[in-house]
Each structure stands twice: as C-alpha cells, then as structure tokens.
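Contents: one structure, followed by commentary.
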Amino acid sequence: MARVHNFCAGPAALPLEVLEQAQQEMLDWQGAGLSVMEMSHRSPEIVKIFEEAEQDLRDLMAIPDDYAVLFLQGGASTQFSAIPLNLLGDKGAADYVNTGQWSKKAIKEAKRYADVNVVASSEDDNFASIPAFDSWNLNADAAYLHYTPNETIGGVEFFWEPETQGVPLVADMSSTILSRPVDVSKFGVIYAGAQKNIGPAGLTLVIVRKDLLGNAADATPTMLDWKTIADNDSMYNTPPTYAVYLAGLVFKWLKKQGGLDAMEQINRRKAEKLYGYIDASDFYANPVEIASRSLMNVPFTLANADLDKAFLKGADEIGLLNLKGHRSVGGMRASIYNAVPEQAIDDLIAYMQKFAAENA
Ligand SMILES: *Cc1c(COP(=O)(O)O)cnc(C)c1O
C-alpha cells in the first residue's frame, strides 16, 4: 500500500489512524456483529456513537451548555438558506461580510429571503485582505451578522472576531473548525461542512445558541428548522450515521493529539514553513496580506503560469496530490488541514525547491 500526500481542499485527508480503526471495525463494530453502516439509527449502538461524538466535540471546543450541537446533511451550502430561514424572525434584514467566493455564495442565497446589507467587501482587492473592522457599515437592527472566518478558495483567514453589540454572529467555519481554539460563546451560530476538518462528506455540523431556536419562518422546510433537529437529537429522520461515526473517531484522534491548543501549534508550524518558503523564493508567490493568511489553505502562483501543468504533473508523479488551485482563481493551492502531516509540507517544499531550480 502506498499512501499519497493529499492536499485536497475537500473532501480532504483523514488521519491514517482513524481510517485504520474504521477498517478494523468495518465488518463487526466492537462485537456487535455488524457494521456501523448497517445499524438502525434507533439502536443503542448508534445512540452511543452520537452521544460520544457530541461529548467529544463539546470537550474539544469547550461548547457551553446553552448551545445545541446538530448533525445534519446537505452541506454548508444548505445552511446558506437555513440561516436566514431560522434567524430572520420579524427583522427581515441581515448583515454579511464579503471576503471571498464562499461569502458570495452565502450572500446570494440569503438574498432570496432577506434584505441583505453587505457591510464590507474585499472584492476590489481581489479578496487578498480583510476590510478593517472600523470601516464596516453594521446595522444595529440586523437579525444577524454572517461572515466566513476562513475563505477556503482565497486562503484568507480572520484571526479575530467581529464585535456585534448583541447582534448574533454567524460563522461559516467549514475550513477552519477544529484547527485552533475559538471562544464559542462569542457566536450565535457556527456551522461547517464536515469534509475539510471533521470527517467524510455527507455530514454538516451546526452549533447554535439555544435561545435562537424556535423562530423559523412558517415556510421553513421541517428539515431545515434547527429546532426540529435539536428536539430530536439529530434523529428526526435517518441521519448520516457512518459519517458521524467517522467524525467521532476524528474527535478522539484530536483529543489524543492534545486537543485544539496542540493542533494550533502544529498548524502554525506547518503554515509558517510553507509561507516562509514561498516568501523567500522569487519563483513562487502568495497574494494574501500577511496578517490574514490562512493556516489551512495556502494558494500560490508560479512565476510563469505556463509551467502550472508541468508542476502539477511532477507533483502527481511523486504522490503530492490535488495541488491545483480552485478553477475560479487558478494557480496552486495546498490545503493543509489537521490530518495533513508535517512530513507532507516538508515533501512539498522539497519538490517546490527542485522544480524552481530546474525551471527558473
Ligand atoms: C467547502 C465550503 C463550503 C461548501 O460546503 P458544502 O458542504 O460542499 O456545501 C462552504 N463554505 C466554506 C467556507 C467551505 O470551505
């Protein structure tokens, strides 16, 4: 067996230990005589798997008791609609920050339901920075403020939280969740597709302050009303049982690494190495302002875009996979989530050095 280094933005690398445990338990989960995939979601085994996954996540993120943890389907993209449907109430207006492609998608969907006020945008700067907070045009009467703490495509990350003066803060943490500690109590809602830092595709996580439940618009589909899901312990209908099981294994793996403080140290070291090399080289470049460079997604360009194909081909040949940048921006992107080992960064830098030397 030869495992490659997977730099995919999502679905992304999973910890090898997690995959090995899943493999070992595939046919017979802990003596139950069947696979987790084959179990009724009403069975005591699945209930235990869900409860443990939730508790481990609560431990990792220090989620306060007045927050509900929901395991859903439909991806972060479905939450782009669920957010206004659940939170607008009688307000009608919501604030959004536009820092990249995922912000734009969230804004586009919210406009179907809400009077959307884009409080700040870095689009004129090609999404290479975050607008200074004192320039934001916040509405004190907005139903909520939505932002994207890590723009997966542009590689732009917030290392601070907006101050909202009581307006619930809503964060699409799809590509940054669990990469470092966050103070959950600052947020009204945190949501994330699982396929970056949580587990396999097919699972979506919502962490919502309980007082925000129960205000969904009348026309809200039952499955999109967070209260329905909260009242039924994420089992109103058949939940993505195997994905929650794998996420639970990832949470236990994260605890074993030392939790999110330890992950932050590792992630900072990995990112600093890669940015450090890119900045020192005159062959590669990263366009993002230094204070807002993502720890998880590192876009970079080559001095000559005509070499992109050769770069990717050579990388593939030595097992450095999925380095092609998003189709909307081009160039390269290395996604270096929790499960991407430090060795992958070292191997990537060694390859980049060699390629630059041969093509400069
Ligand atoms: C990947 C991603 C999404 C889309 O997630 P889906 O689960 O595919 O809907 C949304 N926002 C961010 C920040 C992402 O990284």
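Cβ coordinates are placed from backbone N, Cα and C, and glycine is handled just like the others.
TrEMBL entries are annotated by machine, without manual review.
Record features, source TrEMBL:
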DOMAIN    5-348  domain 'Aminotransferase class V'
BINDING   ARG42  L-glutamate binding site
BINDING   ALA76, SER77, TRP102, THR152, ASP172, GLN195, ASN237, THR238  pyridoxal 5'-phosphate binding site
MOD_RES   LYS196  N6-(pyridoxal phosphate)lysine
Measuring Cβ to any atom of ligand 1 with a strict under-6 Å cutoff, which of the binding-site residues ARG42, ASN237, THR238 qualify? none
Averaged over the domain 'Aminotransferase class V' (5-348), what pLDDT does the predicted model reach? 97
Does SER77 (pyridoxal 5'-phosphate binding site) have same-chain partners at least 6 apart in sequence with Cβ under 8 Å from its own Cβ, and which are they? LYS105, GLU109, GLY193
Mind telling me which of the binding-site residues THR152, ASN237 has the densest Cβ neighbourhood, counting other Cβ atoms within 10 Å? THR152
Sparsest-packed among the recorded positions, when each Cβ's other Cβ atoms within 10 Å are tallied, from ARG42, LYS196: ARG42
Fewest neighbouring Cβ atoms within 10 Å: which of the binding-site residues GLN195, THR238? THR238
Roughly how many Å separate the Cα of ALA76 (pyridoxal 5'-phosphate binding site) from that of ARG42 (L-glutamate binding site), to the nearest whole number? 26
The number of other Cβ atoms within 10 Å of the Cβ of TRP102 (pyridoxal 5'-phosphate binding site), counted over all protein chains shown, is 21
Quick check for you: of the recorded positions TRP102, THR152, ASP172, GLN195, LYS196, THR238, which have their Cα within 10 Å of the Cα of the residue listed as 'L-glutamate binding site'? THR238
What same-chain residues, at least 6 away in sequence, bring their CB to under 8 Å of the CB of ASP172 (pyridoxal 5'-phosphate binding site)? ALA76, GLN79, TRP102, SER103, ALA106, HIS146, TYR147, THR148, PRO149, TYR191, ALA192
Would you mind pulling the DSSP three-state label for ASP172 (pyridoxal 5'-phosphate binding site)? strand
Candidates THR152, ASN237, THR238 (binding-site residues); nearest Cα to the residue listed as 'N6-(pyridoxal phosphate)lysine' turns out to be THR152
Which whole number of Å gives the largest C-alpha distance between any two of ALA76, SER77, TRP102, THR152, ASP172, GLN195, ASN237, THR238, the residues noted as binding pyridoxal 5'-phosphate? 30
